[in-house]
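S.K.: Grabbed the feature section from Swiss-Prot, which reads as follows:
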| type | residues | note |
| --- | --- | --- |
| BINDING | Thr18, Asp38, Leu46, Gly61, His63, Val242, Arg327, Arg447, Gly456, Asn457, Gln458, Ser461 | FAD binding site |
| BINDING | 61-62, Tyr104, Gln107, Met159, 162-163, Trp167, Arg182, Asn207, Tyr317, Arg327, Tyr419, Tyr453, Asn457 | UDP-alpha-D-galactose binding site |
| BINDING | His68, Arg91, Ser93, Tyr419, Arg447, Asn457 | NADH binding site |
| BINDING | His68, Arg91, Ser93, Tyr104, Asn203, Trp315, Tyr317, Tyr419, Arg447, Asn457, His460 | NADPH binding site |
Amino acid sequence: MTHPDISVDVLVIGAGPTGLGAAKRLNQIDGPSWMIVDSNETPGGLASTDVTPEGFLYDVGGHVIFSHYKYFDDCLDEALPKEDDWYTHQRISYVRCQGQWVPYPFQNNISMLPKEEQVKCIDGMIDAALEARVANTKPKTFDEWIVRMMGTGIADLFMRPYNFKVWAVPTTKMQCAWLGERVAAPNLKAVTTNVILGKTAGNWGPNATFRFPARGGTGGIWIAVANTLPKEKTRFGEKGKVTKVNANNKTVTLQDGTTIGYKKLVSTMAVDFLAEAMNDQELVGLTKQLFYSSTHVIGVGVRGSRPERIGDKCWLYFPEDNCPFYRATIFSNYSPYNQPEASKKLPTMQLADGSRPQSTEAKEGPYWSIMLEVSESSMKPVNQETILADCIQGLVNTEMLKPTDEIVSTYHRRFDHGYPTPTLEREGALTQILPKLQDKDIWSRGRFGSWRYEVGNQDHSFMLGVEAVDNIVNGAVELTLNYPDFVNGRQNTERRLVDGAQVFAKSKAQ
């Protein structure tokens with residue numbers, strides 16, 4: 001057997017949040033030799049940011065930085081240490097329903113709806129509350145969970161149509177163990193009180209406040225984190241593209257023919273791609289049981305000041321079929337640097353109603369922007385040719401844009417692997433796939449590496465990498481991967497970027 005060109009103790013494939021988490025921890029421990037490779041020149045993976053020619057920024061989806069982990073905060077604060085690197089926002093979100101903006105969470109604010117809809121919703125909630133008292137089995141599907149928690153009124157008005165738009169899979173085909181803290185259970189007494197008094201209920205959930213980077217979008221965070229790693233241990237771009245993983249002799253082949261030998265492998269590529277790269281037919285067969293949806297990210301840059309009807313809304317949910325998108329993010333509200341300066345002159349491309357502008361002469365701003373997400377799967381196809389126009393029409397239909405609004409920039413990008421779907425078959429497949437890989441010294445981790453949506457946010461993904469390294473180096477239990485509800489229900493403060501061992505090492509060196 002020929003020797004590999006490069007040999008390391010731990011090889012990390014992928015420089016998204018998970019791979020960077022693994023690399024940060026390896027660099028901190030300063031024990032095993034390591035290297036990180038990625039086929040993109042720019043690190044960030046699914047948490048990167050694009051810039052349109054006109055100067056509008058769009059994240060690859062509706063990212064916000066909410067953290068369950070002190071270690072994650074430490075790493076971000078180290079990468080972007082200045083106060084003016086960040087903006088902090090209150091979560092202000094609404095559901096568009098029956099021509100109204102209903103504050104989120106929808107199920108706590110049905111007092112905003114027309115009276116007959118209120119009756120249907122409360123009727124269903126009373127039935128659900130009575131059922132819950134006598135139920136002695138857990139719900140088997142997401143659909144059963146919805147009906148049991150909220151009743152058929154809210155299920156039909158919001159939860160079923162909205163979740164089909166998000167997941168591109170019917171709720172009857174999804175399991176419900178993933179839910180944890182992600183959906184607010186309604187309080188029947190509070191809802192009834194609010195309906196009678198005509199009140200609305202306030203913020204709920206983990207992202208009630210969140211911070212967002214001032215410059216460079218979400219992608220700017222991960223570029224900054226990657227910049228804290230030693231350059232000689234990174235290999236990004238074409239020269240870092242993995243074409244083959246030979247699990248038997250523990251080598252990875254890159255596109256330029258370079259081979260890297262490893263003792264342990266942390267792979268953050270989608271596990272279905274990993275199985276293909278390994279040419280392991282048994283694993284390929286098992287990964288076929290995993291379902292995912294694709295995500296279309298659509299951006300629309302608009303001339304003018306942000307209208308009052310939009311105000312300081314952050315993100316908005318759309319369960320109805322008068323628009324293709326399930327979520328809109330007012331991306332210009334997150335940072336003034338997410339769009340061009342008002343003094344920049346841009347021509348009008350079209351009006352929101354699709355008509356041509358009277359003049360195509362470049363004019364000054366100011367500008368604001370909307371980012372939209374549309375899901376796609378075999379069960380919910382999307383027409384690529386018309387999706388942008390359909391979304392702009394949807395913005396007019398939902399009164400997000402006026403027909404005469406001037407559009408100065410558009411953006412559309414499709415991400416094949418967008419959401420790892422928590423289908424009924426998921427755990428049966430994962431509980432075979434992940435241990436089989438681990439037996440071969442491969443830790444497959446990340447949003448699509450370990451395929452668990454409930455630990456697929458940026459903070460979770462980062463910690464999946466950190467914890468994989470701790471497991472490799474000293475056998476520590478991977479809490480995030482194995483106990484999602486546990487980590488999501490507490491402040492995880494035990495692990496820090498500067499720990500005791502490093503403090504002692506520093507004092508010795510002095």
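A Cβ is built for glycine as well, from the same backbone N, Cα and C atoms used for every other residue.
For the listed features, I'd like the structural context: burial, neighbours, distances.
M.R.: Around the Cβ of Arg327 (FAD binding site), 19 further Cβ atoms fall within 10 Å across all displayed protein chains.
For Tyr317 (UDP-alpha-D-galactose binding site), other Cβ atoms within 10 Å of its Cβ number 21. According to DSSP, Tyr317 (UDP-alpha-D-galactose binding site) sits within a strand segment.
The C-beta environment of Tyr419 (UDP-alpha-D-galactose binding site), restricted to residues of the same chain at least 6 apart in sequence and closer than 8 Å, consists of Val166, Trp167, Tyr292, Ser293, Thr295, Ser375, Tyr453.
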S.K.: Can you figure out which of Met159, Asn163, Gln458, His460 (the binding-site residues) comes closest in space to His68 (NADH binding site), comparing Cα atoms?
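M.R.: Ranked by Cα distance from His68 (NADH binding site), first place goes to His460.
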S.K.: Please find which two of His68, Arg91, Ser93, Tyr419, Arg447, Asn457 have the most distant C-alpha atoms, given that the record lists them as binding NADH, and give only that distance in angstrom, rounded to a whole number.
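M.R.: Max span of the NADH binding residues, Cα based, is 25 Å.
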S.K.: CB neighbours of Tyr104 (UDP-alpha-D-galactose binding site) within 10 A?
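M.R.: A 10 Å sphere around the Cβ of Tyr104 (UDP-alpha-D-galactose binding site) contains 23 other Cβ atoms.
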S.K.: State the Cα to Cα distance, in Å, between Arg91 (NADH binding site) and Leu46 (FAD binding site), rounded to an integer.
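M.R.: Here the two Cα atoms lie 22 Å apart.
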S.K.: Compare the C-alpha of Leu46 (FAD binding site) with the C-alpha of each of the binding-site residues Tyr104, Asn163, Tyr317, His460, and give the closest one.
M.R.: His460
S.K.: Have a look around Thr18 (FAD binding site) and count the other CB atoms within 10 A of its CB, chains all included.
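M.R.: Taking every protein chain into account, the count is 36.
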S.K.: In three-state terms from DSSP, label Ser93 (NADH binding site) for me.
M.R.: strand
S.K.: Given the binding-site residues Tyr317, Asn457, His460, find the one whose Cα is closest in space to the Cα of Arg327 (FAD binding site).
M.R.: Tyr317
